[in-house]
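*Asks:* This is the structure I have questions about; it appears just below.
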């Protein structure tokens, strides 16, 4: 049985509006490319300049009130989002960069557990994600929720961003989320799209194959993931922890939990919620006093 014969019926459509369509080529590679090939994922990339007018196909103009930089024009973005929401355009449909069908991962052979689509009140509207430093921080919880979506549209801003009226008006046709991937500024939204798309798509049943691969990820249980090891047993004088060879699954699980707790305490202590920890967890962290 191939992985594609064992999949849930859920499919995701991604549409990306950008002035640099070639920037999205990485979506054709690796596991996302395989998801496209397996029919789990569809990706359409739309050049914003197709909606621009005039000889220069300008998509930006000077900001009202003065100040540096340029602002992306509403009369270009508005029609673009209208058409994408209505399915009136067919951008460059991305295909897989290389064939993957004969390269089934060993952890896909065990099958994929199905997951129901999460129904929301406004589920008939596509989800519009606008990457911006001013947006709400993107989290693993967002990725998990959005992996249940059927249609996500990304609006990639550049320069000083998109005229705010575009975002406000889009709420008539979309569920709009302005989202940030970190407290720093990028040149444009395309990099953020690659980050969000990969985080979301990998959670769709059939993409990773082994459901435990993402259940044990960092942040999936509120903690950072602990260290991982593979062959050889000793490398450059460094040994793999003995507990991993014990064959005692309970001890291995406890060790991994302890490592996740200690790593989180050292690197991201703000993620630890003592109210969610049991007595053993608290003892590991020295919080049982």
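Note: Cβ is positioned from N, Cα and C throughout, glycine not excepted.
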*Asks:* Check Swiss-Prot for me: it has 181, 182, 183, 184, 185, 186 binding S-adenosyl-L-methionine, so pick out which one of 157, 222 it puts in that same site.
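*Replies:* Only hit among 157, 222 in Swiss-Prot's S-adenosyl-L-methionine site, alongside 181, 182, 183, 184, 185, 186: 157.
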*Asks:* Of 90-123, 226-259, which range does Swiss-Prot call region 'Insert'?
*Replies:* 90-123
*Asks:* Which residues does residue 157 (S-adenosyl-L-methionine binding site) neighbour through Cβ under 8 Å, counting only same-chain ones at least six apart?
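*Replies:* Correct list: 72, 130, 131, 132, 188, 189.
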*Asks:* Return the residues near residue 183 (S-adenosyl-L-methionine binding site) by Cβ distance under 8 Å, restricted to its own chain and a separation of at least 6 in sequence.
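*Replies:* Residue 183 (S-adenosyl-L-methionine binding site) has long-range Cβ partners 133.
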*Asks:* Cβ distance under 8 Å to residue 185 (S-adenosyl-L-methionine binding site), same chain, sequence separation 6 or more: which residues?
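*Replies:* In sequence order, the residues whose Cβ lies under 8 Å from that of residue 185 (S-adenosyl-L-methionine binding site) (at least 6 apart) are 133.
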*Asks:* Between the two most separated Cα atoms in 157, 181, 182, 183, 184, 185, 186, the residues recorded as binding S-adenosyl-L-methionine, what distance in Å do you get?
*Replies:* 17
*Asks:* Taking the Cβ of residue 186 (S-adenosyl-L-methionine binding site) as centre, how many other Cβ atoms lie within 10 Å?
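*Replies:* Excluding its own Cβ, the number within 10 Å is 16.
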*Asks:* To see if you understand the setup: which same-chain residues, six or more apart in sequence, place their Cβ under 8 Å from that of residue 184 (S-adenosyl-L-methionine binding site)?
*Replies:* 133
